[in-house]
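S.K.: Dropping a structure here in C-alpha cells format, bear with me for questions.
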Amino acid sequence: GRRIRLLKGLPATSTVEENSAAGVSVYNVTVSPLASEGVAILPTIVNSSPLTEAFDIESKGGLEYRVVTTGNPVLDYETMPKSFDLQIFVEDTTGRTDLNILTIQVTDKNEHPVFRGNMAIQTVTIYVLEGTPPEHIYQVDAADPENAKLKYSLLPATVPFSIRESGAIFSTKEFDYEKDPHCYFLNVTVTDPDGLNSTKTMNINIININDERPYFTTKQRIYRIPEEQNLGTIVANITAKDPDDEDSPNRLFYSIQSSDKHFSINPATGVLQVTERIDRDALPLRLHPNISLIVRVEDSPSSGHASEMEITIIVDDINDNPPECNPSAFRKEANENTPPGTFLVDLRNYCKDIDVGPSNNQFSFTGLSGFGSNNFALESTVSGRLVVTGTIDLENPVNPGVEVYTLTVRVQDIAHPDYSSKYPFYISFDNIIYIYIRIKPVNEFFPVFSNLSYVFSVSEITKVGSTIGRVHAIDKDWPPNVISYSIVAGSGTRDYTSIFWISPMKGDVRILARLDYETTQKHIFTVQASDQGKSTTASVTVNVLEVNDEEPVCSPNFFSFQIPVSLAVGTNINGFRIECQDRDSDPRSFRYFINEGNENSHFIFSPSAGSNTSRLILASRFDYESGLDTNWIYSLRVHITDDNLVSARDKTTHLIKTGTVTLSIRVIPNPTTATTTT
C-alpha cells in the first residue's frame, strides 16, 4: 500500500553494443520523491535475469542517475546472453518504495578476425630443406567472431610462397641454399568481408642439406717415424674440406678404416697420433716395417658423403732394447768350504738382445756387486761365467754367518743405447741380473750339553706331569742346527716302563708316574741330544725326597663286641688291642684318640701315644638308672695320627697322616629281679 511510482522512465528497454568498455552509459534514470525529505535508498540493481555483474548505477548529480557497464565481464554478443532484465529499487525518507524493470539488449558489433593455434601466441618459424619440390608447408588457422568468410594474403608479394583461400601456405619453387636467401619473413593477413583484418609474422628458414662429397687437402702420403714413440705423438695432420661448408668451419669426421691399432685419428681435427707401442723388433714389424692406413673423411657420422685415401707409415729401427735375460734371477747352491774355482752358472746361456741390427744386439756382463761379492767373480765380460773365488766357512768368526748371498750383474749393450722414447713401464738403460747363492751348511760339530751330568731333587709327592728340570745342549754349527732331545736308557722301573719324559724341542724333564721314596730313592737315566746327524748323551740323576705321605695302617681296622653294664672301670675291654704300622714313620710317632661316638667318655686307649700298640680301656662306669646314659650301642671312630714326635711349632707346616679304626660296642644290662606282692 506504500508502493508509489518514484522512478521516472521505467519500465523501459535500452541497448548496448558488445565489447563496450567500463563506464559506458546505457540508460538514464530520474527519481521524483513526493516528500521533501529526499531519497533514503539510492537507485540500486537488486536483481538481474540472467544474473550478471556487467551493469551498475552511478549518480549524475541531484536526482539524476545512469545505468553504466562495469567491464566485468565484457559483453560478448557471440558467447553471452543477448538480453538482461535489471530490477531497480529505490526508497525515499518516508519509507515509500518503487521497483521497476530495465531491459537491456546487447547489439552485435563487427570484430577483427583472430588467429588461432601457434600463430595466436608466437611468431611461427618454418624450416624448409633446400632441394625440396614446391609443397604445402603450413596451415594458417584463423576465425571471424561473426563467422564470416575470411580472405588470406601474403606480403611481400615477391616471396616464393603463396596462400590459398583455405589458409594453406605453399612454397612455389625448389630452393637452393647456396643461391637463394637463407631466411624469408612473411606477413600473413586475414580479412573479413567488412575489411577488418589481423596480421601475423612468419619466419621461413631454408636448411642446407649435405649434397657434396668432402675431399682431402693433405697431399703427403708417406710418413716415416722412429719406433717406440710416446703415446700421443703426432704423426700427421690430415685435412679435408666439404663444398657444402665453404662459408663455415668444416664439420667433418675422420676415421681409420684399417684394423691397425698402433694409431688413432682425432675424429674432429684429423690429427693422427700414436696410441699403442710400436716395436720394430717384434712381429709383424720385425719382417714388415711398413704400416698402411686407410683414412676416411665423412661429412656426417652416418649415411653421409665420404672420401678415402691410403697413407703409409714407415717405422725406423732404433737401438731401444737392452739385453734381456730369462730368467732374470738365478738361485744356486754351494756347500760351505767349496774350493775356489768352482763353476756356478753361465749367464750368457740365458740372455739375448732382440734388436734387429747386428750392431745393436751385442752385450757384455759387468758390475758384479752385492754383499760378499768378493767371494765370486766373472771369468770375463763376454762369457758371463760365474765362479767361486774364496772359501766360505759359516763358523768362521770373520764370516758374518750369511747363508744367502745376493749378487747383481749388469748386462748392457755394447752400442750406445737409445731409450729416450721408452715408456716408463719398459726396461730402460741396462738389465740387472740377480743371483741368489745359498751356502748349504755342513754338519761339522756334535751337540754339547751344558753339563756332563744333571742332578734333580724332587719331592715324592710331586704331581704327575710336573716339570722337574731341564737339560740343554748347543751346536757350534752355523746356522745352529735344531737339537732334539730324547731319553735313550734307564727311565723305567719294575712297575712303570717309563717314569720320565723329556720335551723333544725344549729339553724339559717331566714325571709320568708317582714317585715313591719308600720304593726307590734315586733314578738314573741317559738323555741324548741330536742335530739330525750327530748326537751326544748325558746322565740325569733324580733324587726322590722323602715326604710323610703314608697313612698309619692298623689291625684290626674294624671290630664288634659286647660288654656287661657292670664292667669294672680300668678293664681292658675283652682284652682288645690294635697294632699299627707306617712305612715312613717311627713306631713312637702314633697318637690314639676316639674322634666320634664316645658319649660321656666311657672309653680310652692306653697308651694314648708313643707306641705302635694300644689297648681299649673302660674309663668310667655306666649310669642308666639316673638317666645319665641312655645309649646301649656305641660306634666308636678311632683316629691314629703319626705326629707324636712332631713339635707343636712344626705341626702347622708338617704333613700329618691319619689312620682310622671303627669299633662297635653293645652294652648288656643286668637280669631284671621280680618283686613279690602280697
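Including glycine, each Cβ sits where the backbone N, Cα and C put it.
If you look up TrEMBL, you'll see 8-115, 120-216, 217-325, 326-449, 450-558, 555-673 marked as domain 'Cadherin'.
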S.K.: Report the mean pLDDT of the predicted model across the domain 'Cadherin' (326-449), rounded to a whole number.
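M.R.: On average, pLDDT over the domain 'Cadherin' (326-449) sits at 81.
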S.K.: With DSSP as the reference, give the number of residues of the domain 'Cadherin' (326-449) in helix, strand and coil.
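M.R.: Its residues divide into 10 helix, 49 strand, 65 coil.
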S.K.: Of the residues in the domain 'Cadherin' (450-558), how many are helix, strand and coil by DSSP?
M.R.: 0 helix, 50 strand, 59 coil
